[in-house]
Amino acid sequence: MERFLRLGGLGGNLGTFGANPQDSNQVDTSETVYISSLALLKMLKHGRAGVPMEVMGLMLGEFVDDYTVNVIDVFAMPQSGTGVSVEAVDPVFQAKMLDMLKQTGRPEMVVGWYHSHPGFGCWLSGVDINTQQSFEALSDRAVAVVVDPIQSVKGKVVIDAFRTINPQSMALNQEPRQTTSNLGHLQKPSIQALIHGLNRHYYSIPIAYRTHDLEQKMLLNLNKLSWMDAVSVENYSKCGEQNKEHLKAMLKLAKNYKKALEDEKNMTDQELAIKNVGKMDPKRHIADEVSKMLNDNIVQSLAGMMATTSLQ
């Protein structure tokens, strides 16, 4: 027993003077980037306005804790092109813009940058990686967001957030990141992103969207109609063209309905029950066209009468 104790003490002394391997701090995949509705709308609008060129801007927000990055607002940078280089970032414009935003009640700091990839997915090119490394030199947790305004449709925004991987950790065969939480959702990487160095030179960060009551009211009021829209008078020539289109559609549907009535005479009860399955019902479409034409003409007539009466 004393022999084992001596061996244990010797091992402890060797451990004290030797270099024990220690666990390094790996990147945590539970870190999430929360983008506000205002910032997302601004990025999409800026990216759509710059098509087919790439555009760039800076993101304002705060680092809440080790696992949360809030992006509250964004502003555009005055350049566009096929690539965004480090030299293209104008520090004078950035400083002036931040000063003006502070005067309007935006004291947030720069948490990263965004740029658009119109039509070719979300990934970082070599120039983008150099730009992101320049941002990470100022802040280790800076985030690069890539948005595709061409592939983005209503209900599905093509967007992703990235951060570069330290090449020293890759040289030591360390993991680029370590999954420590089941929170968040990583998008399935595309083949283009894997070809351009995803999980080798940079890694993806989950993105979430958090809206409060004021943002929900703002989004609901975007396409909200007012009472003026109901009484507005359209161009009479345009209204006449629409009536012609309605009449042509009704004539075509009437012919189809007449043909359908002739075909029903030779059908059995089972065939009549399934005759409109997977097909257009001309009778119902005629009723829809008539209802739409009547509503448009009634509203146009009433709006014209109100305008004439009020101006007399």
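Cβ coordinates are placed from backbone N, Cα and C, and glycine is handled just like the others.
What Swiss-Prot lists as Zn(2+) binding site is HIS115, HIS117, ASP128.
Under the heading domain 'MPN', Swiss-Prot lists 33-168.
Note on the motif 'JAMM motif' (115-128): DSSP counts are 3 helix, 2 strand, 9 coil. Annotated motif 'JAMM motif' per Swiss-Prot: 115-128, in sequence order.
Long-range contacts of the motif 'JAMM motif' (115-128) within its own chain (CB-CB distance under 8 A, at least 6 residues past either end) are made by residues 43, 46-47, 50-57, 83-86, 144-151, 158-160, 162, 190, 192-193, 196-198, 201-202. For the motif 'JAMM motif' (115-128), the predicted model reports an average pLDDT of 90. Counting Cβ atoms from all protein chains shown, ASP128 (Zn(2+) binding site) has 24 others lying within 10 Å of its own Cβ. When the domain 'MPN' (33-168) is classified with DSSP, helix, strand and coil residues number 44 helix, 50 strand, 42 coil.
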